[in-house]
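Visitor: Just dropping this structure here.
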Amino acid sequence: MAETKEFKTLYNLFIDSYLQKLAQHSIPTNVTCAIHIGEVIGQFKNCALRITNKCMSNSRLSFTLMVESFIEVISLLPEKDRRRIAEEIGIDLDDVPSAVSKLEKNCNAYAEVNNIIDIQKLDIGECSAPPGQHMLLQIVNTGSAERNCGLQTIVKSLNKIYVPPIIENRLPYYDPWFLVGVAIILVIFTVAICSIRRNLALKYRYGTFLYV
């Protein structure tokens, strides 16, 4: 897998932005993780998984930074697609990032209903790359069932949208013709990803890595 070209999605840009924001706010991430990710399941093809612990005590700020990163990344998309994806995830683009989103409310309810004590299972949906390429999926364990739920929801949506090399390191970019071209490329590669998917029940179990 190391000899193949990396295949990036909007989720890669999102998680890079999220980690940068955590670092910029000097949030201590050395607190004991109350929640561990026990399993990661989904559809995998040419996908490598990395679990990173970034456990912290400030849940509100962490969710705010998560929403900020999401809004920042989908600014690459046309207005119609931005709003469709945001609505699917449960984030109101007209609200300030610090507002309690529908996503956060849903994840609070999810954690309460499932009574997660210390081990959490994540279903990330799809992680697929074309032949000759690989995808590196970085999952951040925030140490909170609610925040992990938020990341799980975001990865399911953003990890299906391919990022052409021309838009890497160019966030944000608002040229209309550029966005039209990006939208066309995203549609083409989304279809390509769908054509190569296959099912695998388990990708990661706590303490054990499985590569496909």
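Placed from the backbone N, Cα and C atoms, the Cβ positions cover glycine too.
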Visitor: From the list Cys55, Cys149, which cysteine is recorded by Swiss-Prot as disulfide-linked to Cys107?
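Guide: Of the candidates Cys55, Cys149, the one Swiss-Prot pairs with Cys107 is Cys149.
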Visitor: Identify which of Cys33, Cys47 is listed by Swiss-Prot as the disulfide partner of Cys127.
Guide: Cys47
Visitor: Quick one: which of Cys55, Cys194 does Swiss-Prot link to Cys33 by a disulfide?
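Guide: Its disulfide partner, as Swiss-Prot records it, is Cys55.
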Visitor: Give the distance between the Cα atoms of Cys33 (disulfide bond) and Cys149 (disulfide bond), rounded to the nearest whole Å.
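Guide: About 15 Å separates the two Cα atoms.
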Visitor: On a C-alpha basis, identify the one among Cys47, Cys55, Cys127 that is nearest to Cys149 (disulfide bond); the candidates are the disulfide-bonded residues.
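Guide: The answer is Cys55.
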Visitor: Measure from the Cβ of Cys47 (disulfide bond) and count the other Cβ atoms within 10 Å, all protein chains considered.
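Guide: For Cys47 (disulfide bond), the 10 Å Cβ neighbour count is 23.
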